[in-house]
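Features of the protein shown, as given by Swiss-Prot:
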BINDING   ASN45, TYR472, ARG568, HIS596  ATP binding site
BINDING   ARG375, ARG405  Mg(2+) binding site
ACT_SITE  HIS435  active site, phosphohistidine intermediate
Amino acid sequence: MSARYPLLNRELGILGFNERVLAQAADPQVPLLERLRFICITSSNLDEFFEVRMAGLQEQIRDNPGALTPDGMSLQHAYDLVVERAQRLVHRQYTMLHETVLPALEQEGIYFHASDTWNDAQLEWARGYFLDELLPVLTPIGLDPAHPFPRVLNKSLNFVVELEGRDAFGRQAVMGIVQAPRALPRVVRMPQSLSGFEHGFVLLSSFMQRFVGELFPQLVVKSCNQFRITRNSELFVDEDEITNLRVALQGELPARHLGNAVRLEVSADTPAHIVRRLLDESSLGDKDCYRVAGSVNLVRLMQIPDLVDRPDLKFAPFVASIPPAIANAPTMFDAIDAGDILLHHPYESFQPVLELLQQAAKDPSVVAIKQTIYRTGTDSPLMDALMEAARNGKEVTVVVELLARFDEETNINWASQLEAVGAHVVYGVVGHKCHAKMMLIVRRVVEGGKATLRRYVHLGTGNYHPRTARLYTDFGLMTADQKICEDVHHVFQQLTGIGGELTLHELWQSPFTLHPRIIDSIRAEIDNARAGKRARIVAKMNALLEPSVIAALYEASQAGVKVDLIVRGVCALKPGVPGLSENITVRSIVGRFLEHHRIYYFHAGGAEEVYLSSADWMDRNLFRRVEVAFPIRARKLKRRVIAEGLSVCLGDNQSAWLMQSDGHYRRRRAGKTVRNAQLGLLAKFCS
């Protein structure tokens with residue numbers, strides 16, 4: 001495929017997205033504390049990138065060094081390019097923090113007190129805090145034959161201490177390790193009376209660098225440097241051998257913290273021989289070491305915007321709106337009976353989704369509730385409603401995806417709580433993550449004097465997660481449409497039972513019909529273009545990687561189909577290549593909210609088919625997951641999806657990045673009229 005149809009590298013594309021995220025921190029139009037937050041988000045994203053993608057690339061090099069990446073590069077060459085770009089990104093990130101953001105914060109009365117700047121009063125306070133709050137929790141480990149180098153946990157904060165002298169047993173002291181327990185605060189507020197700033201903070205590393213000698217009495221501390229090791233965090237569960245997925249997963253979770261090392265981060269001033277020791281102990285090479293000018297974990301600074309009460313330095317708060325069709329209806333069921341309802345988060349509130357489930361839990365007419373859960377958070381009113389429904393005697397069935405990466409433990413806990421109150425809990429289909437977002441409610445109603453069962457459905461592009469519903473852009477559809485409800489019913493039956501492939505009327509479902517329907521729809525546009533008819537494809541998603549879909553889009557471009565792709569993250573397709581993809585544009589929207597909806601638009605000879613989905617156009621979504629795409633039929637709602645989900649992004653000239661044919665992105669510059677998709681929707685919907 002890559003020989004005939006050129007593809008771009010996935011890992012480089014992911015780093016490119018994080019470069020666009022980091023660019024938000026350099027934008028003076030972004031409030032200052034939000035700029036700090038974007039620096040932290042970049043660090044969090046890079047952590048996952050190393051835990052998953054770089055770990056996988058290293059494994060491939062070890063297991064099959066002669067193999068090629070999908071874009072045709074040798075694994076080692078790809079790895080070298082990714083490392084080089086990651087190093088540049090990290091350097092840019094720390095430079096931006098220290099040369100731009102921190103000085104600007106200081107001007108606003110927000111200051112981080114380094115240990116070498118403390119005056120006598122600050123030093124006395126810091127010593128007292130260390131002795132009272134930190135020292136009792138810390139455990140020094142002196143390295144010698146009886147104390148081997150400890151296996152440090154994934155992404156934990158550690159300090160390597162170079163020592164001189166002999167201890168009480170006469171042993172020559174050379175090196176010690178101090179691991180910082182996760183329970184210790186990484187950022188401590190200094191009293192304002194001592195700080196001299198309205199908001200003064202001290203990092204845990206500053207306490208350690210100044211007072212680590214208290215842990216090694218009568219020895220000379222030659223140096224103290226922080227380091228962090230990132231490990232492979234993929235879980236291995238043998239799907240052919242397991243008899244209980246939850247039990248098997250519970251056994252694997254502790255091992256995540258102790259997987260193979262992937263990356264070493266050290267403070268920039270760490271002596272070379274210390275770095276060599278850390279690399280050797282971690283079985284890492286020189287390329288895997290990242291020397292950073294400051295804290296090795298910037299994610300810990302994510303709490304600063306929450307600790308500082310400065311609304312003028314943050315994004316303006318907003319109140320998400322409630323659609324009149326819901327606000328004016330006696331119940332959610334009455335609102336849905338009156339017609340399909342489209343919710344656009346975060347501009348429209350997620351509360352109606354919660355209310356639908358909460359009302360269903362209490363309504364004596366509701367007999368059954370079925371729900372998929374991928375990510376929902378540790379404190380979820382939605383899960384509380386499901387448990388209340390089960391306690392109230394409803395037939396509650398929940399498909400909990402236990403293998404949702406980094407949410408496995410949370411989902412295991414929810415599954416246990418649901419089972420404890422009598423809900424039916426299933427874990428989907430082994431080998432196929434259930435990523436579809438579906439809720440089905442069965443309610444007994446009286447029509448024409450006769451009792452009958454009516455189904456109500458909610459389908460979404462994003463998770464049933466109230467917190468991220470205020471941070472991610474997503475669409476949700478509430479409907480009582482008979483065909484859609486019947487399709488959802490059958491998908492739930494397939495997930496909970498055993499049966500053959502389904503014949504669905506309205507939904508496209510992976511791993512069965514979703515990919516063929518996408519290809520068929522693209523080919524229909526190709527046929528129309530070749531027949532001289534108008535042809536258009538607009539698709540919005542998080543990632544575009546699947547080779548056969550990319551090949552079909554290239555063919556569409558060559559046939560004259562106008563293709564506009566709005567891909568927030570990684571895109572393997574090359575746009576704008578003469579003779580191949582000159583009719584394709586790719587843009588990425590990066591702003592206050594994480595663009596998350598998946599929208600497929602096909603002109604379809606003027607019929608304008610619009611589908612919403614939980615699926616990106618990636619191999620995993622199309623072939624190894626359970627996903628659904630659902631149509632928007634009501635003309636008014638269809639126009640809304642096109643206008644709010646697609647047109648505003650195509651018109652954005654402030655937060656849009658245009659992809660070039662070499663895979664690099666160029667920020668689209670505003671003309672006389674500034675158009676920002678997210679700000680425009682906030683102004684339209686929110687107060």
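Every residue gets a Cβ built from N, Cα and C, even glycine.
Among the recorded positions listed (ARG375, ARG405, HIS435), ARG405 has its Cα nearest to the Cα of ASN45 (ATP binding site). Note: TYR472 (ATP binding site) has non-local neighbours HIS345, PRO346, GLY462, PHE593, LEU594, GLU595, HIS596, i.e. same-chain residues 6+ apart with C-beta under 8 A of its own C-beta.
A Cβ within 8 Å of the Cβ centre of ASN45, TYR472, ARG568, HIS596, the residues given for ATP, is found for these other residues of the same chain: ASN542, GLY569, LEU594, GLU595. Here HIS435 (active site, phosphohistidine intermediate) is positioned 11 angstrom away from ARG405 (Mg(2+) binding site), judged by their C-alpha atoms. According to its DSSP assignment, TYR472 (ATP binding site) is in a strand.
Taken over all pairs of the listed ATP-binding residues (ASN45, TYR472, ARG568, HIS596), the Cα spread reaches a maximum of 15 Å, rounded to the nearest whole number.
Cβ neighbour count for HIS596 (ATP binding site): 22 (other Cβ atoms within 10 Å of its Cβ, all protein chains included).
Between the alpha carbons (Cα) of ARG568 (ATP binding site) and HIS435 (active site, phosphohistidine intermediate) lies a span of roughly 19 Å. It is ARG405, among the binding-site residues ARG375, ARG405, whose Cβ has the fewest other Cβ atoms within 10 Å in the structure shown.
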